[in-house]
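**Student:** The annotation domain 'FAD/NAD(P)-binding' is assigned in TrEMBL to 4-283. Annotation source TrEMBL lists domain 'NADH-rubredoxin oxidoreductase C-terminal' at 316-382. What TrEMBL records for 416-464, 481-530 is domain 'BFD-like [2Fe-2S]-binding'. If you look up TrEMBL, you'll see 556-618 marked as domain 'Nitrite/Sulfite reductase ferredoxin-like'. Sequence annotations record features per position, and here TrEMBL assigns domain 'Nitrite/sulphite reductase 4Fe-4S' to 626-763. Among the features that TrEMBL reports, [4Fe-4S] cluster binding site is placed at CYS635, CYS641, CYS675, CYS679. TrEMBL lists CYS679 with the feature siroheme binding site.
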Amino acid sequence: MKKKLVLVGNGMAGVNVVEHVLKLAKDQYEITIFGQEPHPNYNRILLSSVLAGDTEMEDIILNDWDWYEKNGITLYAGHEVTRVDTEKRKVYTDNGLSVPYDQLLLATGSHPLMLPLPGREKDGVIAFRDMKDCEAMVEASRKYKKAAVIGGGLLGLEAARGLLNLNMDVSVIHLFDRLMERQLDREAAKMLQAELERQGMRFLMEKQTEKILGEKRVTGLQFKDGSTIDADLVVMAVGIRPNVRLAAESGFEVNRGIVVNDFMETSTPDVYAVGECAEHRETVYGLVAPHREQGAVLAKRLCGLDTPPYEGSVVSTKLKVSGVDVFSAGEFNDQPDTRSLRIQDEWKGIYKKVLLRDDRIIGGVLFGDTSDSASLFRWIRDRREMTDAIHAALAVTDSSDSGISPVREMEDADQVCDCNGVSKGQILEGIREKGLASVAEVKRYTKAGSSCGGCQPLVEQILQQELGEEYDRENASRTPICSCTDLTRDEVVEAIRQKRLTMVKETMNVLDWKNPEGCPRCRPALNYYLGMVWPREHEDERESRIINEQRHANIQNDGTYSVVPRMYGGVTSPEELRRIADVAEKYRVRMVKVTGGQRLDLLGVQKEDLPKIWSELGMASGHAYAKAIRTVKTCVGADFCRFGTQNSIQMGIDMEKKFEGLDTPHKVKMAVSACPRNCAESGIKDLGVVGVEGGWEIYIGGNGGVNLRGADFLCKVQTSEEVMEVTGAYLQFYRETAEYWERTSGWIERIGLEAIKKAVVEDQENCKQLLSRLEQVLSSRRDPWKKDASDSAIRQSLYEESRVSVSAEHGREGDI
Ligand SMILES: Cc1cc2nc3c(=O)[nH]c(=O)nc-3n(C[C@H](O)[C@H](O)[C@H](O)COP(=O)(O)OP(=O)(O)OC[C@H]3O[C@@H](n4cnc5c(N)ncnc54)[C@H](O)[C@@H]3O)c2cc1C
Ligand SMILES: NC(=O)c1ccc[n+]([C@@H]2O[C@H](COP(=O)([O-])OP(=O)(O)OC[C@H]3O[C@@H](n4cnc5c(N)ncnc54)[C@H](O)[C@@H]3O)[C@@H](O)[C@H]2O)c1
Ligand code: SF4
Ligand code: FES
């Protein structure tokens, strides 16, 4: 019988151990994971990129719901483990669950430190630790202007850069007279501050905050010296505290963190700890590289394999702020027994300092040019003796002049990517044996470069050195659709056409997929591309769709579902409302809510009630869960409003009826307003129509989500028929040319407004062909709710029996 492995903490460190265990001994354990956050495992490091607008929230998911299910892992997301009974060998959660274990792994991470200041409970005072904090900052930036970040460390500066990108005025309040005093010496800190000031940050140095001002919401900060500043958002980034409550209350030995030995074993048999909550040899690590090293040892231990002990890590840090290259590792402050090598080039803005003890390299700081960082880190880790060659390599301020190539110097065993533990040898193997030819391919295949991104220049140098003239920079920027293949989206779509492929599995086979089963990223994408190319021939493959689309409903964070019936143009009738009310009462729906898209959402529906509710409602699916045409929001328009120039409601209804149920690469939201006052918010929709004197204006590519984007003006037309033509051609062009998972806002940035104008407005012939292909797709649509409600076999297998483990039912799959 399989042993039971229970992991508490669904973060990067714990899940990394599980990934290792699955690779080493897949069948040894029955695995259960508890995570307090209502999300699958995601890359916390990349929250800084999400805030800065460089990455989308959904792109930082490391293992989606499908991954847990596929690997037979039971995930309880949104559940906190509150007690461990070591006698009974069971864990207990806040909502009454208990699960037995044979081996228990604690990876509970850290809490952000919140200064105990008067007023800290006010609205607008937050930390920067998780997705929720990131969303709160984006949300605040829409309404407020002035942000104060307390703490000038790595996190504070990355938060401040993100808030600048969100167009806020940002002040950083720092306790000391230099930034990042735990990583940088005075000189580097001075150069960093000057560069960040140039980017627009304001610094209040040597300031101690005394009080948070304001009534309900924060309005400012007051300092010990009596001065004040205005602020309507305060982000505290003053360090972290290991989360040891569960361990302490359960009787495990705890100091600053949960005390572990060299095999990550706690004081209690069969209980282990890893990551930010673990204290090893009196050190707690707040960076992922050491957690990976710990995880590799622990996974072998759990699988009964021999492993050398974990003896601690040498760490390095890089600040993830674009336009600033800063690296630090080991010691950097001069001491009586140290000597240093310093190079400063004020013209190029470069500073290098290397600290020596007994002529051995023990630490260093690089600013402005971090191309030596991999070599320097290796020299520090190995406590390498300073040589003339090393000295010469460091002494130049342009690494290309040095004659020493950091890459050539590296041994195969040397680590290139600290975040993901990838060596130069593994990358070379990928290049030589798998034909990897770009940074993106290396990233997808080996994971090198996929976290903080700091090692990407080194990966590029390895590619250049290995492939020589064959390395084609331009070609290297091509992005395969996922790590299962080297083919790009366009190549896959072309192959589907040329080779007349019609099924997902067949496509993966014929195109030589590296992972024959595909992954959660490529399976739904292939299913979409096949349907797009062959609208009549392709049989939709439900099992390839994301979970929300398989069930035709949005999974909520407590495991229930939401039902949003279609209400064309946001218009309903007393008769429909009566039916909705009856259903809501009969099935004890927890809440009926008006959505942002002007529909009624029945929240808190049990899975087995879904088909019954759909058939009793007798309304069409609103597709609120799908990558498809969503709602058309309308204003009341000329029939009722004295400013209205057009009948926006009728136009909205016509558009929704025409395009409902159309699959698209990502969700598509639409709106129709009857005058430029734009009450239906047409300016932030994927497709917005605005009535004006003598016709309609059409806007495209707007987005009101995390990455706010105003829509671009596409064209003006005179008649309602023309609106239907241009919007139809636009939607079909998006369907045919966008990457799956790409919103219209990203697509438009990528391919350009002019290309879209040409394809759907100027080139009449092309427009006609787009419309004719659209008609083919529209003619083969079926309402998914009707189909499932009337098919007893589907009802039983999908809604009455559970295919998905309890785990995967928590959280919103499609929308994070
Ligand atoms: C914005 C940001 C940027 C960062 N950038 C970098 C970087 O560039 N490089 C780098 O190396 N590091 C970086 N870090 C730090 C890095 O993200 C962390 O060191 C790492 O994520 C810690 O992993 P962990 O699994 O130990 O803890 P966490 O990621 O905190 O995961 C612990 C999880 O356990 C859950 N949990 C806790 N208690 C319980 C319980 N009782 N029951 C159930 N679940 C529980 C928590 O909700 C949490 O989801 C950054 C951190 C942040 C916030
Ligand atoms: N690029 C990266 O590697 C990266 C990025 C973000 C976060 N992280 C990690 O996340 C964790 C949290 O980062 P962090 O920057 O909060 O921690 P930190 O401890 O590194 O820095 C906190 C900073 O806040 C300052 N501070 C403390 N009290 C203050 C006060 N009252 N007023 C003003 N300033 C004060 C400290 O002097 C220090 O510089 C760390 O483990 C860090 O390594 C790493
Ligand atoms: S958009 Fe214009 S027409 Fe429509 S409700 Fe607002 S003001 Fe009236
Ligand atoms: S070092 Fe962070 S992604 Fe490679």
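Quick reminder: no glycine exception, Cβ is built from N, Cα and C everywhere.
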**Student:** Please work out the helix, strand and coil residue numbers for the domain 'BFD-like [2Fe-2S]-binding' (416-464) from the DSSP assignment.
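**Tutor:** Once the DSSP states are binned, the domain 'BFD-like [2Fe-2S]-binding' (416-464) shows 28 helix, 4 strand, 17 coil.
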**Student:** Hey, of the binding-site residues listed (CYS635, CYS641, CYS675, CYS679), which one tops the CB count within 10 A?
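**Tutor:** Neighbour-count leader: CYS635.
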**Student:** Which stretch from 416-464, 556-618, 626-763 shares the most C-beta pairs under 8 Å with the domain 'BFD-like [2Fe-2S]-binding' (481-530)?
**Tutor:** 626-763
**Student:** How does the domain 'Nitrite/sulphite reductase 4Fe-4S' (626-763) divide up by DSSP, counting helix, then strand, then coil residues?
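**Tutor:** Helix/strand/coil tally for the domain 'Nitrite/sulphite reductase 4Fe-4S' (626-763): 54 helix, 34 strand, 50 coil.
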**Student:** Could you give me three numbers for the domain 'Nitrite/Sulfite reductase ferredoxin-like' (556-618), the DSSP helix, strand and coil residue counts?
**Tutor:** 27 helix, 14 strand, 22 coil
**Student:** Within 8 Å of the centroid of the Cβ atoms of CYS635, CYS641, CYS675, CYS679, which other residues of that chain place their own Cβ, given that this set defines the recorded [4Fe-4S] cluster site?
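**Tutor:** Filtered neighbour residues, in order: VAL636, GLY637, PHE643, GLY644, SER648, SER673, ALA674, ARG677, ASN678, ALA680.
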**Student:** State the mean pLDDT for the domain 'BFD-like [2Fe-2S]-binding' (481-530).
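**Tutor:** Averaging the confidence scores along the domain 'BFD-like [2Fe-2S]-binding' (481-530) gives 90.
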